[in-house]
Amino acid sequence: MIKQRTLKQSIKVTGVGLHSGEKVTLTLRPAMPNTGVVYYRTDLNPTVAFPADPNSVRDTMLCTALINEQGVRISTVEHLNAALAGLGIDNIIIEVDAPEIPIMDGSASPFIYLLLDAGIEEQNAAKKFIRIKEYVRVEDGDKWAEFKPYNGFRLDFTIDFDHPAIGKDVRNYEMNFSAQAFVHQISRARTFGFMKDIEYLQSQGLVLGGSLDNAIVLDDYRILNEDGLRFKDELVRHKMLDAIGDLYMAGYNIIGDFKAYKSGHGLNNKLLRAVLANQEAWEFVTFEDKEQVPQGYVAPAQVLI
């Protein structure tokens, strides 16, 4: 049987909030089978819980934010969510003493190290997957994202920025998902932004924690980071990272073929909602026999950094 996974022990880290610029303490705790992914704002009294749910994603400007019925939010969850998807963690309690998850270095890599340091253990309950059964597509102008059936999790993402530093040869990335592929090919890709946009946003009191330490920054002509890029196509790899995190907002790893053109947090969420709203388009599956599970989902906890 392919089993659910959680952490072996709790672990804590301190970082900076991307939007507030303030110190944030993040604590990750084990959870019982069938708990799912649950975020908690511990700075509020009483503590407010945000179960991962695509219908709770009510703001996708600049990041993915969960907002409850009372208007309370927790922001910038997508990179941590991507790390959970990458390692196949089904059940976890995530506590944060601020309105946002710390940005760390702008990628999912610090969260991967944190989760592996805590340790991952299997639980005595069958792991559920969402299997795509029918073609589903959403569009927004010239942007689009789609799912179709596939026995695995395949991703194909294309960006299109008119910028001298983003050539046509680095605008597309394709990957057959596995824990190893995610850790080595995707998790280290950092978020990015354009200097003119960052200056405007900071003048509006936003992205106050943004810096060259946690983002790739481009001016009109070049990349400003002294150390350059981690991959020549790091920007499109990061957009794939975002998509993996956004699609894991359902709380289950997906079996299907995902393809997107110029998609972002909003369209990723719209696609996930469209899939789940159509009962004919998907189904829950479990695997009693490890021989039957798609190759990319075999033993995702066994990752070599």
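Backbone N, Cα and C define each Cβ position, glycine as well.
Within His19, His79, the residue that Swiss-Prot lists together with His238, Asp242 for binding Zn(2+) is His79.
The recorded positions under consideration are His79, His238, His265. Their Cβ neighbour counts within 10 Å are lowest for His265. Calculated from their C-alpha atoms, the gap between His238 (Zn(2+) binding site) and His265 (active site, proton donor) amounts to 12 Å. With a cut-off of 8 Å between CB atoms and residues at least 6 apart in sequence, the same chain places Thr64, Glu78, His79, Ala82, Thr191, Gly264, His265, Asn268 near Asp242 (Zn(2+) binding site), listed in sequence order.
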